[in-house]
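Enquirer: Pasting a structure here, questions to come.
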Amino acid sequence: MRGRRGDRMTINIQEHMAINVCPGPIRPIRQISDYFPRRGPGPEGGGGGRGFGEAPAHLAPLALAPPAALLGATTPDDGAEVDSYDSDDTTALGTLEFDLLYDQASCMLHCRILRAKGLKPMDFNGLADPYVKLHLLPGACKANKLKTKTQRNTLNPVWNEELTYSGITDDDITHKVLRISVCDEDKLSHNEFIGEIRVPLRRLKPSQKKHFNICLERQVPLPSPSSMSAALRGISCYLKELEQAEQGPGLLEERGRILLSLSYSSRRHGLLVGIVRCAHLAAMDVNGYSDPYVKTYLRPDVDKKSKHKTCVKKKTLNPEFNEEFFYEMELSTLATKTLEVTVWDYDIGKSNDFIGGVSLGPGARGEAQKHWRDCLHQPDTAVERWHTLTSELPPAAGALPLA
């Protein structure tokens, strides 16, 4: 700042504060100067005299400033730049590195979460406590949610953790999308969303690992029906009805999947039924889970002795049973039978809830019929297949809800 000849060079408090508070390329000087008087054009602004805001050191500068000076002087171009500037717009959310592998033979989708870099700080210390969670879309729920461990106080976490979906079919690969979300864990309040990536599974080829290193994106919430215009609501309803019509009236609601193992033992003269595991079961309890168990019947059951059931698995939608049941029967007789498998939610003091079921036998269709036929044609060979559970309750099974 220039003064009269012989005067000591001084810097007023406004300039001193502006210098200290304006580091880096963020350039907030324009915003800070709104609260301090600025030297305007004219004779006061140049030469040897003091202008507005250049007060003696023993006086408060703001007290001498006129109201107009407190508002600051910005050009239209400057004002437009400030209005359009948003620090979040230029803040990277970070990148996520991971591998995906679809194992067609075992019907599994493997997702190895490797690392993230440059995550957005979420905590007061400028760091985050990140973890990754997976969902399959459409139909995101607790049944298909997988989650990594939390890495503490880092913006560059390394997980190297593998998460696996079971019971994935070729139809899932064609139609479903994997949503990978990175969140910040907060023990004192709700966890915070950082960013996400959505990968259509059709980009995967069976048994070929695919590597990804992608920038995270913001979550784009879909508009609620109440916020849509009448025209958009009408179009949405029309498309939904059209989709239901294309699917057909006979389509049953999917309630999860079950992995069954069938083997006819020629030495023991009977059928071995293995209940291996279930995946993505429907939640039947208020806590968002179920307490599932499995029952099997071999119909027609003249002696009513064909019922078997597994133990109950508490609070899970992806139970592992690994239990085996044996039905003593000649192969020729077995060819006329139907194996009914139902999954139930165990409740104390009231009727158990039916989750879903599947029937395997000569009258079945699709994969269920093929599984039964392969079992009969390949004695002494265990044949494992995943089956979709539907909401159709077998007539005979409905009479035993408490068992």
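In case you wondered, yes, glycine gets a Cβ from its N, Cα and C as well.
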Enquirer: Quick one: which of ASP186, ASP285, ASP301 does Swiss-Prot put in the Ca(2+) 3 site with ASP345, ASP347, ASP353?
Expert: ASP285
Enquirer: List, in sequence order, the residues of the same chain other than ASP285, ASP291, ASP345, ASP347 whose Cβ lies within 8 Å of the centroid of the Cβ atoms of the recorded Ca(2+) 2 site.
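Expert: Sorted by sequence, the hits are MET284, TYR289, SER290, PRO292, TYR346, ASN352, ASP353.
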Enquirer: Taking the binding-site residues one at a time (ASP291, ASP347), which has its Cβ surrounded by the most other Cβ atoms within 10 Å?
Expert: ASP291
Enquirer: Pull out the binding-site residues from the set ASP129, ASP186, ASP285, ASP345, ASP347 whose C-alpha sits within 10 Å of the C-alpha of ASP291 (Ca(2+) 2 binding site).
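Expert: So the list reads ASP285, ASP345, ASP347.
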Enquirer: Going by Cα-Cα distance, pick out whichever of the binding-site residues ASP123, ASP129, ASP186 is nearest to ASP285 (Ca(2+) 3 binding site).
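Expert: Among ASP123, ASP129, ASP186, ASP186.
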